[in-house]
Every structure is written in structure tokens, then in C-alpha cells.
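Per TrEMBL, the features are as follows:
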COMPBIAS  422-441  compositional bias 'Polar residues'
DOMAIN    27-283  domain 'G-protein coupled receptors family 1 profile'
REGION    353-441  region 'Disordered'
REGION    480-507  region 'Disordered'
TRANSMEM  12-38  transmembrane segment
TRANSMEM  50-71  transmembrane segment
TRANSMEM  91-109  transmembrane segment
TRANSMEM  130-149  transmembrane segment
TRANSMEM  176-201  transmembrane segment
TRANSMEM  222-242  transmembrane segment
TRANSMEM  262-285  transmembrane segment
Amino acid sequence: LEKETQREFYAAILPALIVFTVATTLVSSVVVCAAPWVKRPLSPTVRLSLSLAAANTLFAVTWTLCLVANMYLPMVQKVHIPECIKLSLEVLRLCGILIQILHLLVVALNHYIGIIRPLHYAATFTPTTLKVILCTLWLTPIVGMFVAFSSVTNEGFQATNCSNVTFYTHGLPFRIVWTCIFFGPTLVIIIVYCHIFYLLNNRSLYLVCAEQRTQLRRNIKTVRTTALIVVTFLVGWGPAVVKFILICSECVYTKTDLHTQMYLGAAFNTLFSLKVFIDTFIYAIRLPDIRKSLVMMWLLIRTRLRRRQPGLIDGLATSPSRTSSTRLSLSSPSFHRILHDLRASMSWKRGILRRQQQSSAPQRRASQAAAVRSTRFLARVRTSTGRQTRRLSRSQATAERQTRRLSRSQTAAERQTRRLSRSQTAAERQTRHLSGSQTTARVQIRRLSRMQTTAGGQTKQFARVRTTVDRQNRRYLSRLTPAGRPLLPASCHQQPSTSLSTSPVSL
């Protein structure tokens, strides 16, 4: 009963969804087909955007095949599809998601480097570097996913008829790794774009020149376009990844109702298709180069479908595809001049043909001669346009060379500035060391002056003591007799003399 209910549900939903995905694939492929008409030389942002559009188209193709081969034919029409084909389509679908994630990450870093270091942007993202990056973005997810589905023993491509894929359908480790691969770069992209918008808003306060403000508006518009693509990526794939990590036999929710599974699957599949469809219109409407290339492709197709004058239209339709359409933009004066000449010549030839039908033979010959002259004039116009295109390409090549030289000179100037800053840092260190030694010398001088002051005080004290001793010595010497005996008081000297003279008896 459950299988019959599921079959009826898929029979009602899948045909409309498949038709919508096929239409989305065709619309997305139109953007990729317009790549030869994009103005040359291609900037790194345009190259990455075209590669991202190609990855979006690859996912649309693989998703359509998955809906047909993995769901509609086995469940509704009951047609047996080999399991290896189903697994290969599923792996390609996962590869398409990874390729888009890596593209969005590289585009975000490209915008970040262009805003942080605008002078070194041309030297960083050279054509060779960009080709290596694009090859890595395409080959790494494809090789990695096929290796991952071939490395588990007795599962994936190693199982018999690729029938056992338990690690993918029921295992939790693969789901955790896939969730980290999805939300890790997405978090980095969100942080980078938040910082970019912060820098652009602050930078707008210091711009005075009108050209700088115009360039800033273009940068903001390009960044907003890529941010819209990131938002559609999150809205289209985020809920499916959250459901992928939450509902399985080893996850938080082990079982869900059949109707819930069917409704969730239909909602997620619709989000996948809407994501691809909306991204296509974001590329076609908001990116000027892709929009102009779509207009040029439509003009060429319309002129080839009309084919009123095969000789004139074929000659003009083949040249814009590689020369004027790739070198001249729709707003250039040369392109408008060519269109004016074409319209004037076509109206002139129409009038000549009308007059030929109403005139005689000499007049017809004259009108034919006039038509020949107009054809020659148009040939001269095409020749002059080709010369102008070649001159423009040469001037662009010269400007690129000058830009590279300027970037090299700026790099050399930055190196010299770093060396000068290092020498200044060394000089500052020496100055600090010298100031420290001067401070030490001043402290020692102060100590020496204190010691000298202390020695001077001690010398004065010693002089005072010496003066006092000299005074005492003088006093003592002044009291001595010539014989070296101290002097006695007068009373002591007179008393014995009187006694000797008056009393000889005592002798």
C-alpha cells in the first residue's frame, strides 16, 4: 500500500517537475552558449561567473537525469535501470554541488582581493593562474567523489552491481563530512562578504571623484549579484543538507512518516529546480557583460533567420562573432556607426530594388552600379571597423603591459618601503640602546657627583679636625719651656727659693 501510494504521488508530481527542470536546463545552457560573444579580454570575475554558470548547467542536466533515471522510470514506469548508472548520476549530482560551492568561494576571494589590494589584483589573477584555478575547481570534486564512492570495501562501486551504498544512505560519518564540506565554505563566504560590504561602505565616505564613485557602485553591484547567488544557494540546498544530517537510521531522527518524506522530497526537489532557474536570470540580468553577449547572440540569430540578403547578411553575421562583437561593446560609437551604416545601406538597396522594378534597362544598370558601389562602401566600412578593432586590441594589450609594469614597480616600491621600515626599526632600536646607555651614564655621573660631594664634606671635616689639632699643638707648645718642660705657676717657683735663702739650717 505504501509503495502504491508513493507511486501515485510520484506519477502526479514528477512529470511536471521534469518538464520544469528540462526548461531550466535549456535556459541555463543559453547563458553558457553566449560565452563566445562576451567582450574580450575577459576579466577574472567574468571568467569565474561563466564557469559558475557552466557548473549550474551541469547540475541542472544531472538533476534532470536523476529525476528521470533514479525516480520516474523505476518507480512510476517500473523500468529497470542498472544500479551503477544510478550511482554514477548521483555522484555527478554531488559533484555539481561541490563545484558550485568551490566556485562561490573563489569568487568571494576574488572580490575580496580586488577590494583589499586593487593595485596587485592584475598581477595576482593572471590568465595562467586563473586557468589552473578553474581546472582545480572542476577536477578536484569529480575525482574526490568518485574516489570516495570507490574506497569503501564491498560498498559503492566495489559492491556487486553497485547495489550496496549503506555508508551513503544510512551512515552518519559520510553525512557529517558532507555537512562540514557544505557549511564550512559557506560560512567563510558569508564572513568575506560581510567584511567586503563593511569596507565598501566605509570607503564611500572618502571618495570625491565621480569616476571613483562610479567604479565603487559597479563593484557594489557585482558583489551584490554574487551575494544573491550565495543566498539562492543556501535557500536551495541548505534545508536539504539539514534534513540529510538529521534523518537517517543512525541520526537524531531515525524514522519519519511516509507522507512527510514524500512532501519533503517534493519541496526540496522544487527548491533545487528553482535555484537553478533563478540563478540563470541573475546572470542574464545583473551581469552587464553576459547581458550584452546575450543581446549580440540574439541579433545574430535573428539576422540569420531572416536571410533576406544572403550575401550581405552572411558577411556581416560571421564577423561580429569573433571580431567586433568580442571587441566592441553595445555602447561604443563604432558599433552604433556600423549599425547606422547597415541600416542606411539596406534602406538604400531596398529603394534601388523598387526603382529597378519600375525603371527601364539603363536605369536598372545604373541602380546595379549603385548597388555595387554601396557594397564596396560596406566592404570599406567593414575593413575600417576591423582596423579599429585591431587598434583597440593593441591599445588594450599595451594598457595591460603598462598595468603589469606598474604593479611590478609598486611591488618594488613596497619592498623598498619594507627595507626602509626595517632600517628605521633598527635605527630606533639603536637609539633606544643609546638612550639606555646615556641614562646609565647619567646615573653613574650622579653617583660620582654624590661621592665627590661626600668626599668634599669629609675633606672639610678632616681640615677642621686638622685645624683643631694644630691649634691644640700650638697651645701645648706655647706652654713648654726651652728645656722642654712645662711651665709651673709662679707660686710654685717662689716658695722654694725663699725657704733656701732664709733657713740654712734646713739644708
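Even glycines carry a Cβ here, placed using N, Cα and C.
On a predicted model such as this, the values are computed, not experimentally measured, just so you know.
Nonlocal intrachain contacts for the transmembrane segment (50-71), taken as residues 6+ away from its ends with a CB within less than 8 angstroms of a stretch CB, comprise 10, 14, 17-18, 21-22, 24-25, 28-29, 31-32, 35, 38, 42, 81, 85-86, 89-90, 92-93, 95-97, 99-100, 103-104, 107, 134, 137-138, 229, 269, 272-273, 276, 279-280, 283, 290. The DSSP breakdown of the compositional bias 'Polar residues' (422-441) into helical (H, G, I), extended (E, B) and coil residues amounts to 20 helix, 0 strand, 0 coil. If you average pLDDT over the domain 'G-protein coupled receptors family 1 profile' (27-283) in this model, you get 84.
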